[in-house]
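Per TrEMBL, the features are:
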type	residues	note
TRANSMEM	42-62	transmembrane segment
TRANSMEM	74-96	transmembrane segment
TRANSMEM	116-137	transmembrane segment
TRANSMEM	149-170	transmembrane segment
TRANSMEM	182-201	transmembrane segment
TRANSMEM	263-292	transmembrane segment
TRANSMEM	304-321	transmembrane segment
TRANSMEM	341-361	transmembrane segment
TRANSMEM	373-395	transmembrane segment
TRANSMEM	415-440	transmembrane segment
Amino acid sequence: MGQFWPILITQIVSVSYGLIDTIMSGHSSKEDLAVVALSSSIYITVFVSLIGVINSLIPIIANNFGKKKYEAIGVYWCQGVWIAILLSFIGSIFLYFPNIWFRFFGNMDENVYSNISSYLNILILALPASLIFRTIYNLCASLSRFKKLMFISILSIILKIIFNCLFIFGSKHIPKMGATGAALSTVIVTWINLIVALYIIKTDNFFSKFKLTIYKPKLTEIKELLKIGLPMSGSYLVEVLTFTSMAILVAQEGLVAIGGHQIIANIAGVTYVFPIALGIATSSAVAQAIGAENYQLAKEIGNIGLKLTIFLSLIIAILVFSNKENIINIYTNDNLIKNTILNLVMIVLPLFHIFDSIQCFNSYLLRAYKISTIPFITQIISLGVIGLGGGWWFGFGKGINYFEYINKIIAPESYIAVSSLWLLSTIGMIASSFFLYIIYIRVTNNYANKEIDIFK
């Protein structure tokens, strides 16, 4: 739990970046709000799809730390930096040519498209710093040394607000930039974060034994990172694309439906930071124990973390259920939207959160054992096939007649499209959480019996 709070605070801060940009640009103009909302969705899709590869550093570095192979940690971290630089070039292509995204947005003012292009082109400058910073983030998480990065995150959110005020709204000596000002502030804050983080790992004596310097690219280590990291990136991409596709489908039902869906998705996203933080903290400790060949301790740490995840998810679910109306009121004062999603927030969302938390945590536990392909395939089936595919069939396809009866019982005021997608996604999460738990139990038993290569 010592690492849980610093990681949680850092996760909340990272989510807050987009929230701050959205709120402040909304006070600038409707056009700026649209630019920030759409540009952010593109950038997040690109960024999240890339960081999975870099997140493979966590189990590998933690494992070597448990083995006391300290110099190997420096080698792997450096290879992570090389991968981050390469991914920056790949990601920049998708940001520099935003026309590939515009076909999904429908007809909009040319000025909005132009501003989105400018926004994304500016964020190209932030991408290398963000990805390299992520290697330091993962290094500190792997070594249970996260508190200083937490303070960097807190400082960054303060700087973000200050720079946003200066660039979005302008000042005596700085012209008003609107949405592009939000992008510029992100670039500046991101590079400040990286510089401060590099200073910390270079001046803190704790990191000196790892010999954190720039080595030449090493194919063997890069292959190992990619073997674990590519399925992790795939899992993140499936999640992002699924919820993006859900929004596109729901948009066919009109503004009320899309507004309700976005509120539910946002609540789910905010509560999701808790299992992520627990997953990162626990998987690091588990990987360290595996590296030390203390498999029983690794199992005990994992089980404690899982119990904490279930307990915390139940508490959050109860809070959401008991404060549903107050939570919805934060997002909207439109009674039509409120009535549309009230039952979903009361019944479906708490269940979704509980089982989403469990499957998320189980995925992190398996990655501690360097197993990432199984969670990836499970994510495709649970979210892509059951959630999105099943939700489409019951909400838009031939199954709509069957679902009408279910919808009248669960959420009679809700649009069938919204209900079907969220209910089927919840069913997918339930299936995923049980399946991944069974795999986790099998893996821990295999490790205890020293049959550790069964899934490799």
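Any Cβ shown, glycine's included, is placed from N, Cα and C.
Automated prediction, rather than curation, is the source of TrEMBL annotations.
Listed stretches 74-96, 373-395, 415-440 were compared with the transmembrane segment (341-361); the greatest number of C-beta pairs under 8 angstroms is found for 415-440.
The transmembrane segment (116-137) and the transmembrane segment (304-321) are not in contact, since fewer than 3 Cβ pairs between them lie under 8 Å (pairs 6 or more apart in sequence). In terms of C-beta pairs under 8 Å, the stretch of 42-62, 149-170, 182-201, 304-321, 415-440 lying closest in packing to the transmembrane segment (74-96) is 42-62.
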